[in-house]
Each structure stands twice: as structure tokens, then as C-alpha cells.
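J.: Checked Swiss-Prot, it gives:
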- 4-24: transmembrane segment (TRANSMEM)
- 34-54: transmembrane segment (TRANSMEM)
- H139, H143, E221: Zn(2+) binding site (BINDING)
- E140: active site (ACT_SITE)
- 158-178: transmembrane segment (TRANSMEM)
- 192-212: transmembrane segment (TRANSMEM)
Amino acid sequence: MMRIALFLLTNLAVMFVFGIILSLTGIQGRSVQGLMIMAGLFGFGGAFVSLLMSKWMALRSVGGQVIENPTSEVERWLLDTVRRQSEQVGIKMPQVAIYDAPDINAFATGARRDASLVAVSTGLLASMSRDEAEAVIAHEISHVANGDMVTMTLLQGVVNTFVIFISRIIAQFVANFISSDEESENSNGNPWVYMGVSMVLEIVFGILASIITMWFSRYREFHADAGSAKLVGREKMIAALQRLKTSYEPQEESSMMAFCINGRNKSFSELFLSHPPLDKRIEALRSGEYLK
């Protein structure tokens with residue numbers, strides 16, 4: 001709760017400063033205030049709705065089945081492993097699901113630490129040893145224990161808010177600059193220019209802003225790897241990452257990649273990857289950089 005309050009206060013403070021600066025430049029105060037409210041509602045609203053629906057959407061997108069009553073030795077082992085690790089980190093046991101996919105992968109999601117979901121692919125259970133699978137599960141449990149889902153949502157909300165706010169402000173300047181006298185009576189100038197410029201800028205700034213969220217996602221992956229190493233041992237986590245190097249390209253939806261153990265490696269720039277390269281993750285574990 002404190003984390004949410006700090007993020008919201010920081011966002012409001014920065015937006016307040018922006019409002020003062022823009023008011024000094026001559027933009028109508030009511031226009032700025034309304035835009036700040038609208039940007040905040042849309043920016044945070046979309047992020048939080050996605051978070052609240054994350055378990056349902058994740059299960060639906062991969063066709064996952066929550067294990068209610070285990071029917072096999074593998075399912076019993078999976079539940080026992082998640083239960084034991086949850087107790088170790090002090091969280092309520094997440095729901096556990098299995099989904100049919102050939103790639104070696106797993107993910108965690110949920111709106112709260114004590115109302116989360118951990119899902120693993122059939123490819124992971126078939127291809128990994130128990131030690132390797134245990135390390136992957138510990139990685140996902142670490143995501144839950146660290147509150148990474150909520151933190152990523154808050155960061156996305158802040159980023160969304162600023163993308164909307166700054167895009168609309170610049171669009172307002174441009175529209176007013178090229179508008180006729182009659183159109184200038186409208187606080188946003190020419191409405192077609194305003195909407196066109198704001199849409200283009202939101203796309204451009206959205207792409208640039210994703211660099212921030214992807215950097216944070218990569219940073220949290222190192223910490224989740226370290227959390228797994230603390231739970232089950234460094235060598236098990238290294239072995240799991242080495243196994244991932246031989247796996248299929250992940251098939252999960254892009255929106256879920258941030259909390260999968262295995263991310264996509266095909267990108268024209270590492271800046272837009274949700275996961276660090278596997279070799280860097282292995283090296284970080286060996287050096288103990290995030291284990292301190």
C-alpha cells in the first residue's frame with residue numbers, strides 16, 4: 001500500500017509542477033487541470049484494470065487449467081513445491097496452473113502478493129529436471145514476493161500518464177500555432193490538427209516510454225533470478241537458465257512476457273527486450289551481483 005501511495009504522490013507532484021510551468025506559458029489553467037485529470041485517469045485506469053484482470057486474461061490467453069485436485073504425481077509435486085517456497089518467502093500460496101505449450105516457460109501474475117497465480121508449461125515439466133523446474137518456480141515465486149506485478153503496473157501507469165499529457169500539450173501548441181484566428185478561439189486550436197498530432201505523438205512517445213518499462217523489467221529479472229538462487233541454490237538456477245538456451249521461442253502473449261521466466265530474444269535492440277540475454281543472467285548469478 002505504501003508503494004502505491006508513493007507512486008501516486010510522486011506522479012501528482014510532478015504533474016502539479018508541469019501545470020504551474022504550463023500556466024506560466026499562457027495555456028489556460030482549466031485546460032491544463034482537465035488534461036492532467038484525464039491523463040491520470042486513462043494512464044492509471046488502463047494499467048490497473050489490466051492488473052485486476054491479469055489472472056483471468058493470462059489463463060484465457062494460454063488455455064491454462066488451475067490445479068484444484070491433483071491427479072498425477074507431477075501435479076502433486078508442483079503444488080508441494082509452490083506451497084513450500086511460498087511459506088519460505090512468507091506469502092499466501094498462489095493458485096497453480098498448467099498450460100499446454102512446447103516451449104519451456106512459466107509466469108506469475110495477480111493483483112496482490114496474496115492473490116497471485118503461478119503457471120508452468122507442459123514443455124517445462126517435460127524438458128526440465130526437477131531441480132531445474134524447482135529453480136524456475138522459485139524465480140516466479142520471487143516475482144510475487146517482490147511485488148513486481150504491482151510495481152510494473154504503477155510504473156506503466158506513470159508512463160502512460162506522461163505520454164498522454166505531454167502528447168496533448170505539444171499537440172495543443174502545434175494546433176494553436178498553425179490555426180486561423182477563428183480556430184484559435186478554441187483552446188486546442190484546429191481540432192483535426194490537434195487530434196492528428198496528439199495521436200502520432202502518443203505512438204512515438206509510447207514506443208520511447210517502453211524503453212523505460214523494459215529496462216525495469218530486465219532489472220527485476222536479475223532480482224528474481226537472485227531470489228530463486230537464495231531459495232533453491234545458485235547452481236540450480238544457473239542450470240535452469242542454461243536449459244532455457246536450448247528451448248523453443250516463447251509463444252506467450254507479449255503482455256505476459258515481463259513475468260515469464262523465458263523472454264523473446266528477437267529484437268532489433270536489447271532496449272526493447274523484457275528479459276536480459278540468458279548469458280548475462282547466468283553471469284550475474286555467478287558473480288553474485290544481485291545476491292548481496
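Cβ coordinates come from backbone N, Cα and C, glycine included.
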J.: Run through the Cβ atoms and count how many others sit within 10 Å of the one on E140 (active site).
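T.: Cβ-Cβ neighbours of E140 (active site) within 10 Å number 27.
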J.: Quick check for the class: what is the C-alpha distance, in angstrom and rounded, between E221 (Zn(2+) binding site) and the residue listed as 'active site'?
T.: 10
J.: If you draw a 10 Å sphere on the Cβ of H143 (Zn(2+) binding site), how many other Cβ atoms land inside?
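T.: H143 (Zn(2+) binding site) is surrounded by 29 other Cβ atoms within 10 Å.
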J.: Would you count the other CB atoms within 10 A of the CB of E221 (Zn(2+) binding site), including those on all shown protein chains?
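T.: A count of 27.
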